[in-house]
Amino acid sequence: MLNVVILAAGLGKRMQSDLPKVLHTLAGQPMLGHVLESARDLQPGRIVVVVGHGAERVEAAYAGQAGLSFALQRPQHGTGHAVQQAVPQLMEGDGAEDATLVLYGDVPLVQPETLRRLMAARGQGVAVLTEVLPDATGYGRIVRDAQGQVTRIVEHKDANEQERAIKEVNTGILVAPTAKLKDWLTRIDNNNAQGEYYLTDIIALAVADGVTVSAAQPAASWETLGVNSRAQQAELERRWQAELARRQLEAGVTLADPARFDQRGTLECGRDVYIDVGCVFEGRVKLGDGVRVGPHCVLRDVEVGAGTQIEAYSHLQQARVGDEARVGPYARLRPGADLGNQAHVGNFVEIKNAVLGEASKANHLAYIGDADIGARVNVGAGTITCNYDGVNKHRTIIEDDAFIGSDTQLVAPVRVGRGATLAAGTTLTRDAPADSLTLSRIRQSTVPGWKRPVKKS
């Protein structure tokens, strides 16, 4: 069974942040979360995250997850020293018989398919993930013999002129037999320009011990890009968003402009979905067949039924929208909003913890909170469900086929019967009976000949 070690102890000084570097987000989740997802896709027996700077915050973010443990590296003396801190946990049980894969918490986008290719290249030996770069400055170089076999890795600061001319570089990611890895880590030294214990030094030891060292390459160059600064974080964000957009396009989604699309979670789309510019999708979002999302909308943890249109500048969070519905523009669906098929929610309407039944409409300037609204109900402009008494929330019930006039306040708890009509301007404090007109306002009167006051000189 596979062990995975994730190195996440670095300070991230260039990030200029109090937040541990691996907790900075990419596409809506911490970088470490991306690495953990890829690692879990391999179904390892254990994952050990090596923490250091900000250890308490990193552990708190992922504590309690099955198969995940932490090892502390303090102080930090290099990547080899970091892996040494995980060795005791790797050797527990039958761990010594396993292989260990080493990943990095600030290299967030290495894909499971690439890691499987690396595992396949290993055989019974060691495999390193390498890449050929036009400018290899700053990277460790892969040194091969005349037969093309990997013999060692030399860090840039320790490389001579001939070695610096090599374009194949080490990404840092490798897999090795656990028992041998433990032995090699005890034999490395810090006799180098940095005065650190390099994990890469195990390659020369493996070769000296007659262990085959193989190499594999990622499918895309962005998979092995690390993040050490805000600029690199922003660059990698755009590269990953471009990849996510490409995947949506290949799945049949129409994106008005792939460069202005942001997916910060999972986005599942049916057939013939159209997404306009500037939209943001967070958490888990599911769009049914034929859904159209207008420009600059935000959808977070939302399910949208087939044929529904979300108009411009609408914000939906933890909500469900049925088939053939209309939402927006400038609508807000808050947590617990549940719209039935063919429901309409128009501009400047806010719905929270409420059901709007099939073919019901709230087209203008309304607040509907803690309400159960039946089918074919018309909610007039300016309607408010007064659901909060200062301490507790109360529900409003509006039955099928009711008509709620404009500028109406429903003071919960209150019920509007089936087919009832509330006259415009009504403040409802008691239940309104079915099939009746209910109104509460003073009788209109006129004062003939009344004059407005005149400003005194």
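Glycine is treated like the rest: Cβ placed from N, Cα and C.
The annotation active site, proton acceptor is assigned in Swiss-Prot to HIS364 on the grounds of sequence analysis. In sequence order, GLY346, ASN347, PHE348, VAL349, GLY380, ALA381, GLY382 constitute the residues six or more apart from HIS364 (active site, proton acceptor) in its chain with CB-CB distances below 8 Å.
Per Swiss-Prot, UDP-N-acetyl-alpha-D-glucosamine binding site is recorded for 7-10, LYS21, GLN73, 78-79, 104-106, GLY140, GLU155, ASN170, ASN228, ARG334, LYS352, TYR367, ASN378, and the stated evidence type is sequence analysis. In this structure, GLY10 (UDP-N-acetyl-alpha-D-glucosamine binding site) belongs to neither helix nor strand by DSSP; it is coil. All protein chains shown were included, and the count of other CB atoms within 10 Å of the CB of GLY10 (UDP-N-acetyl-alpha-D-glucosamine binding site) stands at 24.
Residues annotated as Mg(2+) binding site in Swiss-Prot: ASP106, ASN228. Within the same chain, residues at least six positions away from ASN228 (Mg(2+) binding site) with a Cβ under 8 Å of its Cβ are GLY12, ARG14, MET15, LYS21, ASP106. Look at ASN228 (Mg(2+) binding site): DSSP puts it in coil.
Among the features that Swiss-Prot reports, acetyl-CoA binding site is placed at ALA381, ASN387, TYR388, SER406, ALA424, ARG441, with the record citing sequence analysis. The secondary structure of TYR388 (acetyl-CoA binding site), as reduced to three states from DSSP, is extended strand.
Swiss-Prot lists 1-230 with the feature region 'Pyrophosphorylase'.
Listed by sequence, the residues of this chain that lie at least six past the ends of the region 'Linker' (231-251) yet keep a Cβ under 8 A from its Cβ atoms are 15, 24, 26-27, 108-109, 220, 222, 225, 258-259, 261-263, 267, 269, 275. The region 'Linker' annotation in Swiss-Prot covers 231-251, and the record cites sequence analysis as its basis.
Summarising the annotation, Swiss-Prot assigns region 'N-acetyltransferase' to 252-457.
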Restricting the comparison to the binding-site residues LEU7, GLY78, GLY105, ARG334, ASN378, which residue's C-alpha is spatially nearest the C-alpha of ASN387 (acetyl-CoA binding site)?
ARG334
Who sits close to ARG334 (UDP-N-acetyl-alpha-D-glucosamine binding site): which same-chain residues at least 6 apart have their Cβ under 8 Å from its Cβ?
GLN317, GLN318, ALA319, GLU350, ILE351, LYS352, ASN353
Please find, for ALA381, ASN387, TYR388, SER406, ALA424, ARG441 as listed binding acetyl-CoA, the greatest distance between any two Cα atoms, in Å.
23
Give me the Cα-Cα distance between GLU155 (UDP-N-acetyl-alpha-D-glucosamine binding site) and TYR388 (acetyl-CoA binding site), rounded to a whole Å.
64
DSSP secondary structure for SER406 (acetyl-CoA binding site), reduced to helix/strand/coil, please.
coil
Considering every residue in the region 'Linker' (231-251), what is the mean pLDDT value?
98
